[in-house]
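Engineer: So TrEMBL lists the following for this protein:
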DOMAIN    1-87  domain 'Chorismate mutase'
BINDING   G349, S350, G351, K352, S353, T354, R450  ATP binding site
BINDING   S353  Mg(2+) binding site
BINDING   D371, R395, G417, R466  substrate binding site
Amino acid sequence: MRKLDELRNELDRIDDNIAKLINSRMEIVEEVSRYKLENNTNTSDSKRKLDIIKRLKCNSKEEYKTIIEEIYKEIFRESEKFIENYKNNHFLYGLIGENLGHSWSKEIHSEIASYKYYLKNINKNDLLDFFKERKFKGINVTMPYKIDCIKYLDKIDIDAENIGAVNTIVNEEGVLTGYNTDLYGFEDSLKYFSYSLKNKKVLILGSGGASKMVSEALKRAGVSKFQVISRFSWPSYEDLDNFLDYNVIINTSPVGMYPNNMESLIDLSKFSNLDFVYDLIYNPYKTKLILDAEKIGVKAVSGLYMLVAQAYYASELFLNKKIEKNKISECYKKILLSKRNICLVGMPGSGKSTMGKILAETLNRSLYDIDIMIEEKEGISISEIFEKFGEEYFRKAETEILREISKESGAIIASGGGSILKEVNRDLIRQNSFVIFLDRPLEKLERVGRPLSKEPKSLEKLFSERYLIYKEISDLRVSVVENKEECLKKILEGLKID
Ligand SMILES: Nc1ncnc2c1ncn2[C@@H]1O[C@H](COP(=O)(O)OP(=O)(O)OP(=O)(O)O)[C@@H](O)[C@H]1O
Ligand SMILES: O=C(O)C1=C[C@@H](O)[C@@H](O)[C@H](O)C1
Ligand SMILES: [Mg+2]
């Protein structure tokens, strides 16, 4: 038998190795912490932990299995503690709320200032601890905590107090002050879009924190009358007939917000004096309410500019310094460009798939080629779908796919040539897309494998039926030059991307 000293020396060597390995493990855990902070991911994955313990026990001697289990439980506990602490210590600037998957605030703040800004989902039950610890320097607050958070503050700014909701909190040496920069963002947006609410009769849809903010803004703007419409009390959406002479509708409710795109509770055509619609929602860029307003020629504004402007004012408060005002419109334009899809429309064979692919590669964005997606789903070619099931079947499949794809942000969409014939498809495309019409001379259009334009005569007919619709739906018309690189250049110039 070996002597005790000898055995202890052996243990020391093994411990050195274990400590080295634990250090290496913790370095990875630190990377995981960073990843989880950046991506707003929750810490614990119980199934994964159980699987690991099971695997490690499999590789261990029968009499050591429990030891392995206990040691690993401890390693997991400590690692989780480390991750939680890391996330709390590094969450200096950011947004708290309940479902932040939809938020664009991270990108916006990184355009406006140089601090790192993170998103943090918090459960109602953890709110108290979060504010007790108060490790952050400056945060934004969104649904559903804009009202609830007030009780944790030490001070509240007068405008936020009048509104009764807070979206910005600054921590100055442990003292928390609440502000409402949504108000200033909203007011700025009206100036940017040159609309004055003075002497207007305004309907506000929704009765939450954002509705309170808009009510305050309306008082400050000197509106002649305003009315909040709420699902829960009088007047509700059933009572709208009493307000059909109103001039302005402002939606502060989440109806129509991603992922419930295309929902609206209002029939705008009934309103006789409507001249302005404002939807505070920014994803989708154009809600159904906005698309409907545009269709009847009513000026309509989306929530994106306001979102950028409120972030700008929050940034000034976080940093306690002035930031150049032109940052707002610069950032607005950048975010609009990066978050809107680019949808290519045009005649069959005009180059939508080809230029879509090149654009996606150049801009490093996802590509959705609707025709290809239908072929993949059905397992046969477009020509075969037409032959076997007819055009109506194809059109249905096209709308179904568009309904999902058009909710995306920042993607390239190669649409089917005839998709713009249906109003629902036009709405789906326009909600989030910058639409580019690839206008290619008739004689250059490829006709092979395209059931509706096989014959020259039918191609001419399609052209006369569709040309005006392509022009009307598009934000940009590009005359296709017979050189793909030149064509790409023209598209990028139109988009103003260098
Ligand atoms: N700018 C261009 N210069 C030269 N050739 C081009 C250009 N754009 C597309 N092409 C060619 O034109 C043909 C048709 O292009 P493509 O298949 O991309 O059209 P499409 O609009 O997607 O058609 P469909 O509506 O049938 O899906 C292809 O052979 C492609 O290589
Ligand atoms: O969705 C978002 O990212 C936000 C929405 C509004 O509540 C803002 O007040 C908040 O600052 C950020
Ligand atoms: Mg194509």
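Here the Cβ of each residue, glycine as well, is placed from N, Cα and C on the backbone.
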Engineer: Nearest to T354 (ATP binding site) in three-dimensional space, by Cα, is which of the binding-site residues R395, G417, R466?
Structural biologist: G417
Engineer: Look up R466 (substrate binding site) in the DSSP assignment and reduce it to helix, strand or coil.
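Structural biologist: Its secondary structure by DSSP: helix.
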Engineer: Report the nearest neighbour of R395 (substrate binding site) in space among the binding-site residues G349, S353, R450, comparing Cα positions.
Structural biologist: R450
Engineer: Including all protein chains displayed, how many Cβ atoms other than that of R395 (substrate binding site) lie within 10 Å of its Cβ?
Structural biologist: 16
Engineer: How many other Cβ atoms are found within 10 Å of the Cβ atom of D371 (substrate binding site), counting all protein chains shown?
Structural biologist: 22
Engineer: So which binding-site residues are near G349 (ATP binding site), with CA atoms within 10 Å, out of D371, G417, R466?
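Structural biologist: Qualifying among D371, G417, R466: G417.
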Engineer: Within 10 Å of the Cβ of S353 (ATP binding site), how many other Cβ atoms can you find? Include all protein chains, please.
Structural biologist: 17
Engineer: Could you check which of the binding-site residues G349, K352, S353, T354, D371, R466 have their CB within less than 6 A of ligand 3?
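Structural biologist: Only K352, S353, D371 meet the Cβ criterion.
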Engineer: How big is the Cα-to-Cα gap, in Å, between G417 (substrate binding site) and S353 (ATP binding site)?
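Structural biologist: Checking the Cα atoms of G417 (substrate binding site) and S353 (ATP binding site) gives a distance of 10 Å.
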Engineer: Can you list, in sequence order, the residues of the same chain other than G349, S350, G351, K352, S353, T354, R450 whose CB lies within 8 Å of the CB centroid of the ATP site?
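Structural biologist: For the ATP site, the extra neighbours are G346, M347, P348, M355, A414, G417, L438, R440, L445, E446.
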